[in-house]
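Please read the structure below before turning to the comments.
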């Protein structure tokens, strides 16, 4: 079973004149297969820094991150990343964008295109596989980014505000898509957002982080993602009195967190 461990992780950024900025301080977090963990907090609380450490884009100043007992020392195919900006290659068509990671790993063309078409079908884009990515809407481009991350069959999906630039209706549609994919794949998901409602809807566990330095101030185990999978009605889930109570509590908590 996949297991991601964040063990006493701190990150210092160096500044001019040798000044140090403590971005993360003594963060401890364990995630296992099927966990959907959402990090929420004010700007500057270290959410993206933490995701970058998990992805292997940077190393902690202190502490260690382990996946299945092995230290994370750099990027790897077992960790897929979806960014706020889709980061697609404009000179490649949709299918070749999805297959890019497989190509870099040496997978033959027939097999990587088979996988690309399979993942595009999962995100509802099988009919646009041959189109240039610049012809797609923002929401469709982000779905291509999700399909590309899934193509390598990672153990962990890292999602850094992937829906932040989308309109409200598209955002809700892709929230539901992400949950359906999570329910089917049962991967570890670590997701960053500034939206309290989005965090409550997606998370099986929600962590609220303090700003400067970033620490985990509160953690909530939540039922709403699984409720959506059971009923398929996002509006019913989000209008439930329990959902609204959590939303108000967490908004108050974020405003009160120093």
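Including glycine, each Cβ sits where the backbone N, Cα and C put it.
Pulled from Swiss-Prot:
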- 41, 42, 43, 44, 45, 46, 47, 48: ATP binding site (BINDING)
- 4-236: domain 'ABC transporter' (DOMAIN)
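Remark: of the binding-site residues 44, 46, the most isolated position is 44 (fewest other Cβ atoms within 10 Å of its Cβ). When pLDDT is averaged over the domain 'ABC transporter' (4-236), the result is 94. Cβ neighbour count for residue 42 (ATP binding site) (all protein chains, 10 Å cutoff from its Cβ): 16. For residue 43 (ATP binding site), the Cβ neighbour count at a 10 Å cut-off comes to 9, with all displayed protein chains included. For residue 41 (ATP binding site), other Cβ atoms within 10 Å of its Cβ number 25. Around the Cβ of residue 45 (ATP binding site), a 10 Å sphere holds 25 further Cβ atoms from the protein chains shown.
Ranking the binding-site residues 47, 48 by how many other Cβ atoms lie within 10 angstroms of each Cβ puts 48 at the bottom.
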